[in-house]
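Participant: In case it helps, Swiss-Prot gives these features for our protein:
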SIGNAL    1-24  signal peptide
TOPO_DOM  54-608  topological domain 'Extracellular'
DOMAIN    160-268  domain 'Cadherin 2'
DOMAIN    384-486  domain 'Cadherin 4'
DOMAIN    487-608  domain 'Cadherin 5'
TOPO_DOM  637-790  topological domain 'Cytoplasmic'
Amino acid sequence: MKITSTSCICPVLVCLCFVQRCYGTAHHSSIKVMRNQTKHIEGETEVHHRPKRGWVWNQFFVLEEHMGPDPQYVGKLHSNSDKGDGSVKYILTGEGAGTIFIIDDTTGDIHSTKSLDREQKTHYVLHAQAIDRRTNKPLEPESEFIIKVQDINDNAPKFTDGPYIVTVPEMSDMGTSVLQVTATDADDPTYGNSARVVYSILQGQPYFSVDPKTGVIRTALHNMDREAREHYSVVIQAKDMAGQVGGLSGSTTVNITLTDVNDNPPRFPQKHYQLYVPESAQVGSAVGKIKANDADTGSNADMTYSIINGDGMGIFSISTDKETREGILSLKKPLNYEKKKSYTLNIEGANTHLDFRFSHLGPFKDATMLKIIVGDVDEPPLFSMPSYLMEVYENAKIGTVVGTVLAQDPDSTNSLVRYFINYNVEDDRFFNIDANTGTIRTTKVLDREETPWYNITVTASEIDNPDLLSHVTVGIRVLDVNDNPPELAREYDIIVCENSKPGQVIHTISATDKDDFANGPRFNFFLDERLPVNPNFTLKDNEDNTASILTRRRRFSRTVQDVYYLPIMISDGGIPSLSSSSTLTIRVCACERDGRVRTCHAEAFLSSAGLSTGALIAILLCVLILLAIVVLFITLRRSKKEPLIISEEDVRENVVTYDDEGGGEEDTEAFDITALRNPSAAEELKYRRDIRPEVKLTPRHQTSSTLESIDVQEFIKQRLAEADLDPSVPPYDSLQTYAYEGQRSEAGSISSLDSATTQSDQDYHYLGDWGPEFKKLAELYGEIESERTT
């Protein structure tokens, strides 16, 4: 099979030569070579030869972007087996077969049905095969060929980036590289000049230029000044076909900004300035601003201000505001119009960051003169000191002078000044001030231990202008006097072991004093000399504001005495010296041999009784509850009793029932059996409560040993003898007073009752001697007796 290619038409001569070569090759390839085959037929061996392929193939070319109405002819497939009778069928497979490329299966002509773009796909690989139309058997093996898309100049150059934004320092040398731009062309760079790009500048001359081959942009002028022009817009063109007429082109914009360098010194707008400052301006406050201009920007415009000379250098100072680049003039010392009315300052502003490449442009600093006018202001009174410190002793009398403050009018008028205290807190009311002289006095008695320090605020005002006020703080320290005696530092729980030895230290005590250190230490500890010498304990002053308690004798017994009391004296070193007395309580405890406490008297009692602390508390609570019940019961019983004496208006003939059994309290207490069991409890004599005894016996004093040794019989005899000789104990006779009926009683008279006694048995004259209570009874019975007599 042979392939003809009539599509190679550009240039024509080359295509004709190429077609002639193709046909020559096909002619020489028409020789068929048979493939060797071995076949056994009836014992004979038949040799077959494989014929040589009858294909002739090559590359086909097709123009891109074909816009004709008919399919574009690509080429022709032909096989040597094709006799022109239509028995050979051509089949085309591969990339684009049947869609982009179609084949006439009889003639082998190939056509392109679509417009192709080389930039999308440069070539197509296809497969061709010739088969027998009747049997569909291949006449020759399948062959592969390529269809290449022929390039045309249909793509303009394109810049990879853009628009571009770049910077270049101002005052740069001519030819300084700014940026390199690059444009690409999608056409085939190996075919003609379709992809050969040339650069040119359309806008931006004469400031910048571009290299036509590399696309490098450079400065075209020397010393371009940012302050004159800062921004430039440069348009660069890229054109293919080596820039020839008819070539395609693309463009981009490059925005170039000149960056600043320090090529301009600072300049003050004026050479002379004038500033007004009132004399009342506060020290440290800003009184004015000044600024020098710099055409540069950023750090190149940074500057510092300084005072280089002038008569106000010690009065004023200047600093630089880094944000606004202004010089801030501040006051270092107070102004006084009466002393100086104006000042002159020379102020300099200089760049901070210098560029030595431009030092030839001159010094990068400037100076100006500032005149300051001091304004007269009516000022408030001025105290002689910014604050005052005074001292006064505690317990000083009311009206004691503490100190004096002084304020004057600083103006030339020298107005009179008045003083007063701002009573903002309660502490200020301990003092007052003389409005004319400024003398501060006490109004209360001060106590250093309660308040050691006072702070008061004194205000001064002018009489002519009361609105002008000045304030000053007065600190008053209260000095200490020795008015507090020393006392024990705390309550001490001191114990002594039963097995203690003489001279043994059992405890160490210390003292405190509310007074100041100068009037407090040192403390002296001693025993009161007015008391007898304590035989059990002594006191030793350690001369370090402590004292030790020592034993005087050997061994102590809890059964004999379990608690001892030791009175001590403590004095301080103040002038005059003060002292106080205290009593130490010392308990006797049982200790181990190594000195550890085992039990004390309270613990021993509980342990011997077999009771714990919780059990003891429970017993006490039960006893208290029982006592409360008994008291409540007795109170209710007593509230139900009638009064012993009934008033005259409330006498009735009623039968009164008494529920008391036995004797009274005197009878029950006189024969209390506890007196026999504990004779010492009977030492106190019992007296009747309804009368006052006429004679009292002196109490008896007997030793406990005598009472313990006497027996019960002797004790009873002794008490019986005392009762017989004592007129103040029962039995004894006394006059008892009872209620009487009275004249207005609603009850009937008892005279209606007949007496069972005879006349000789009763004598009623004695009733008149019993008093007014029996007067009515005497009258009744006296009349009856007289009637009987008559």
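Glycine residues also receive a Cβ, built from the backbone N, Cα and C atoms like all the rest.
Map the listed features onto the structure and describe their local environment.
Facilitator: For the domain 'Cadherin 2' (160-268), the model's pLDDT averages out at 90.
DSSP places the residues of the domain 'Cadherin 4' (384-486) in helix, strand and coil in these numbers: 5 helix, 46 strand, 52 coil.
As a summary of secondary structure, the domain 'Cadherin 5' (487-608) carries 11 helix, 54 strand, 57 coil according to DSSP.
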Participant: Do you know the DSSP helix, strand and coil residue counts for the domain 'Cadherin 2' (160-268)?
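Facilitator: Summed over the domain 'Cadherin 2' (160-268), the classes give 3 helix, 46 strand, 60 coil.
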